[in-house]
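These features come from Swiss-Prot:
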- ILE88, GLU89, SER90, HIS229, GLU230: substrate binding site (BINDING)
- SER90, LYS91, ARG258, GLY259: NADPH binding site (BINDING)
- CYS190: active site, thioimide intermediate (ACT_SITE)
- ASP197: active site, proton donor (ACT_SITE)
Amino acid sequence: MSVYDKHQALSRLTLGKPTPYHDRYDAALLQPVPRSLNRDPLGIYPDSLPFHGADIWTLYELSWLNNRGVPQVAVGEMHLNAESLNLIESKSFKLYLNSFNQTTFDSWESVRATLANDLAHCAQGDVSVTLFKLSELEGQPLAGFTGECIDDQDIQIDNYNFNADYLATNEQDAPVVEETLVSHLLKSNCLITHQPDWGSVQIHYRGKRINREALLRYIVSFRHHNEFHEQCVERIFNDLMHYYQPEKLSVYARYTRRGGLDINPWRSNTPFNAPNGRLPRQ
C-alpha cells in the first residue's frame with residue numbers, strides 16, 4: 001500500500017466511482033494528481049529534479065464530428081513533460097476524450113490544439129499532441145526494447161511485497177559498465193482501484209554493474225504495490241540512484257492499454273531518446 005493512497009487530493013477523483021459518460025465536449029472532466037504526492041516522500045522536489053523526462057500517452061479511442069456531421073477518428077500521441085506540477089488521472093482522461101464523440105470541430109488542427117491546451121492547463125506543464133490518420137499507422141511493425149532481458153534467471157521467488165532493499169545486494173568491487181537491461185515482469189496496481197497494471201521496463205545506465213538477480217527480485221516486488229505508472233517509474237529511478245549512484249541512468253516503462261489509453265513514462269539524467277514503438281502486449 002502506498003503511504004499516500006488516502007490523501008485528500010485523491011478523494012475527489014472519479015476513479016473507482018460510478019461515473020456518467022458525457023458525449024459533449026467538457027474540459028472540466030480532466031482531473032489532475034499532484035506529482036508531489038509521491039515525490040515528496042522520495043525527497044524529489046520541483047526546484048531540483050534529479051531527472052528530465054515525459055509521460056507518453058497513446059490515445060486509441062479518439063473521435064469527433066466534422067462540420068458536416070461525419071465522424072472522424074484518429075490515434076493521438078501526447079507527451080507530458082515530467083516537470084509539470086500534475087500528472088493526468090487516466091479515467092478522467094478517458095471521460096474527457098469521450099466528450100469529443102458528439103462534438104463538432106472545424107478541423108483536425110482545432111482538435112489537436114484543444115487537446116494540447118486543456119491537458120497543459122490540467123497538468124500545469126508543457127504538453128505536445130500529435131494526431132495520426134489511421135492510414136499513417138497501417139503496417140507499422142511491433143517494436144521491442146533494445147537491451148538484455150533479465151527475466152529468464154534460474155532463481156526462486158516467494159515474496160511479492162515491494163522492497164527496495166533487494167537492490168542493496170550489490171558488489172562493492174563491481175566493475176563500471178554501460179549497459180541496457182530489460183524486464184517484461186513489471187506488474188503494479190492502480191493506486192485507487194488496485195486493478196493490475198502490466199508493463200515492460202528498460203533501464204540504461206553507466207556505473208557500477210547492477211546485480212541482475214537483485215534487480216529482478218526488486219522489479220517483481222512491485223506485484224502488490226499500488227501506485228500510478230508514472231510514480232512507479234520515478235520510484236525505480238530514485239531507488240537505482242540511491243543504491244548504485246550510476247553516472248548515467250534512464251528508466252523507460254511501457255504499460256499495456258486500458259480504456260483506450262496506454263501510458264509510457266520515462267525519466268533520465270542524460271540525453272535520452274524514447275522511441276514510441278508499440279510493444280507486443282500493447
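Just so you know, glycine gets a Cβ as well, placed from its N, Cα and C.
Here the structure is a predicted model, which means the values were calculated and not measured.
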(request) Find, for the listed recorded positions GLU89, ASP197, GLU230, the residue with the lowest Cβ contact count at a 10 Å cut-off, counting only other Cβ atoms. (result) GLU89
(message) So if I measure Cβ to Cβ from ILE88 (substrate binding site) and keep only same-chain residues at least 6 apart in sequence, which ones fall under 8 Å?
(response) LEU30, GLN31, PRO32, VAL33, ASP55, TRP57, LEU80, LEU119, CYS122, ALA123
(request) For the recorded NADPH site, whose residues are SER90, LYS91, ARG258, GLY259, find every other residue on that chain with a C-beta no more than 8 angstroms from the centre of their C-beta atoms, and list them by sequence position. (result) PHE93, LYS94, GLY260, LEU261
(request) Pick the one among the binding-site residues LYS91, HIS229, ARG258 whose Cβ has the fewest other Cβ atoms within 10 Å in this structure. (result) ARG258
(request) Among all chains shown, work out which of the recorded positions SER90, CYS190, GLY259 has the most CB atoms within 10 A of its CB. (result) SER90
(request) Could you tell me the maximum Cα-Cα distance in Å between the residues recorded as binding NADPH, namely SER90, LYS91, ARG258, GLY259, rounded to a whole number? (result) 9
(request) Starting from the Cβ centroid of ILE88, GLU89, SER90, HIS229, GLU230, which together make up the recorded substrate site, report each further residue of the same chain whose Cβ lies within 8 Å of that point, ordered by sequence. (result) VAL33, ASP55, LEU87, PHE93, PHE228, ILE263
(message) For GLU230 (substrate binding site), which of the three DSSP-derived states applies: helix, strand, or coil?
(response) helix
(request) Kindly assign GLY259 (NADPH binding site) to one of the three DSSP-derived states: helix, strand or coil. (result) coil
